[in-house]
Amino acid sequence: DHHERKRKKESREAHERSHKAKKMIGLKAKLYHKQRHAEKIQMKKTIKMHEQRKTKQKNDDKTPEGAVPAYLLDREGQSRAKVLSNMIKQKRKEKAGKWEVPLPKVRAQGETEVLKVIRTGKRQKKAWKRMVTKVCFVGDGFTRKPPKYERFIRPTGLRFKKAHVTHPELKATFCLPILGVKKNPSSPLYTSLGVITKGTVIEVNVSELGLVTQGGKVIWGKYAQVTNNPENDGCINAVLLV
Amino acid sequence: QASSVSGPEADMSSEDVERLLIQFQDENGEILGSPFDVPLDITQDKLQLVCNALLQKEPVPLAFFVQGEMEVVSSLGTCVKALGVETEQVLPVVYQPQALFRVRAVTRCTSTLQGHTEAVISVAFSPTGKYLASGSGDTTVRFWDLTTETPHHTSRGHTHWVLSIAWSPDGKKLASGCKNSQICLWDPVTGAQIGRTLTGHTKWITWLCWEPLHLNPECRYLASSSKDGSIRIWDTVLGRCEKILTGHTQSVTCVKWGGDGLLYTSSQDRTVKVWRAKDGVQCRTLQGHAHWVNTLALSTDHVLRTGAFEPANATVNPQDLTGSLEELKEKALERYNKVRGSAPERLVSGSDDFTLFLWNPAQDKKPLARMTGHSALVNEVLFSPDTRLLASASFDKSVKIWDGRTGKYLMSLRGHVASVYQIAWSADSRLLVSGSSDSTLKVWDIKSGKLNMDLPGHADEVYAVDWSPDGQRVASGGKDKCLRIWRR
């Protein structure tokens, strides 16, 4: 069959070629090899070109769009449409009294988790005392009520005075003294006790940062929100609310 | 002895005006002449005549300040009443010479120079005002001919956005830094690159500053600051880096070469550092800011920029500076000493914490004053050419003017509806132009504190503004890829 024979002959060509190239000697071989080398270079070039077409190349020549001057480089610009809608959203939030915090939703802690029942009495039957099992903050001038009458026990081992506060823009962390607990999201009871759990908003002393108001007064207290579970870690990590 | 027209004491006569004893003092506190007895309703020009007569020099325009604060605008009487000063004692009146020449406000856009294919990021006039150069996001630096207001040269060589440009104080070279951390030097006459491209920084160049003319008339050394936190001093003749100043832990936002051989740098690590230019040793660290320090300004900035060129001698067609290197150095040194006076250079730093600090960096680590009042970050601060005033542009849409010596707040210029990006003073310190992201430029009259001209015309945000040192033109470039020239 003509087609079959043609196909087979063509496939044999590669083998015959290599046989010839190996067996050839002398001047003839030199000339042949020179010619063959040039051919191979061309072949390799076309293969590379085809491969380049298949893969995507990084465009080195084009400079990116959106040129900004040096003072705007490290800042993220806001698209104008966003600015207007943000303004409206902020006005609505202010009206509603909702404030932006880094952790808006936190798991609410139940009483059985935060407070442990302490049994007292001759026969250990009375169960009106509770001990706080989470980290808490008590003020400077704190003195306990007489032990017979105190309902809530805050162990000294779980009392903290300082928090590690991170400034979200500067990305620097400072160890600042706590001034007080502003709000514990789980319950107002915990706020009054000074219990600090994840998501609690605390007030910290930022006088060492050197922030100043427009009027020239030094800011010495700012709010920060706690971001870890202090009873597990042994330290309070918070993010400053700017 | 007090010289007076009628009676030695301040007497209250019933039919004519009260009289008052005043003593002329200059800014440094030196007394001029002896106490004068003048009527309370004496006006500012009569005071000027008297003072000029006492000075016995060529008559100069003067401004008078009572108790160092209140300016005598109409008559002395209004000031006295407003301040409630005792008329029994001798009242010191401080006189301040104003610039001899007046710069006229720019009112119209004479041309829109197109040519850049991307936003124009930086604009600068040469020290004599003869050439104009602009750097843009399309990686080219273009030179423009000011007499015909057409493009002159297009200099290609950078591979990324040209972030900052700086003219050498003799106006013969332009240095430009790009986002790929390369610095190129260009010749404004031919548009060709001089020497090799200076590489060495690892991140983009944020600011370039030449060595002042009076320290070295050849204009050989150039300081560059970069995001990688280092400052490099380059020798432009040999084309290599002389010194590397490290010490900042974050991006260096601005570098200024002072006239006393000190280098000042500000950085995002909230500090300003002072270095000795000769050996690259760090002298001081000025701390106090609570956020990134964006910008620096030296009180002698304008005089260092213009070098040996005196704006009062400007002609309509700006000419190149002539004279040998020695002559230029002498002239520059003379002008520098005149502006600097007896006090050392003052430095102002503006930051993201919405405040500015006024420092005396050569002497003190503690700031002279902290200037608060802005409600958003401060983008640029500039001393006026006569160093008496300080202007700060902020993202809270206002420009605030402060006293250049004490840092006291003087006034707020409101009018822009979006962040103010850059400002430029006119050479006589009477006018200020500000460019903002709301695409307009506004010319403010400092004496009255009011808007002089509103210059709309740009289609998009205005990124760079410059007033030519001879006071004739203002150039502005922005996101709309056009460069606009404004004249009277």
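Yeah, the Cβs are placed from backbone N, Cα and C, and that goes for glycine too.
Predicted automatically and left uncurated, TrEMBL annotations should be read as such.
Pulled from TrEMBL, these are the features on record:
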| type | residues | note |
| --- | --- | --- |
| DOMAIN | B:21-79 | domain 'NLE' |
| REPEAT | B:113-154 | repeat 'WD' |
| REPEAT | B:155-187 | repeat 'WD' |
| REPEAT | B:198-235 | repeat 'WD' |
| REPEAT | B:245-285 | repeat 'WD' |
| REPEAT | B:371-412 | repeat 'WD' |
| REPEAT | B:413-454 | repeat 'WD' |
| REPEAT | B:455-488 | repeat 'WD' |
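Only residues 6 or more beyond the boundaries of the repeat 'WD' (B:245-285), in the same chain, are considered here, and those with a CB under 8 A from a CB of the stretch are 203, 206-212, 214-215, 221, 223-233, 291-298, 300-301, 303-304, 336, 340, 344-345, 347, 349, 351, 359, 361-362, 365. The residues of the repeat 'WD' (B:155-187), classed with DSSP into helix (H, G, I), strand (E, B) and coil, number 0 helix, 17 strand, 16 coil. Here the repeat 'WD' (B:198-235) returns a mean pLDDT of 92 for the predicted model. With helix defined as DSSP H, G or I and strand as E or B, the repeat 'WD' (B:245-285) counts 0 helix, 24 strand, 17 coil.
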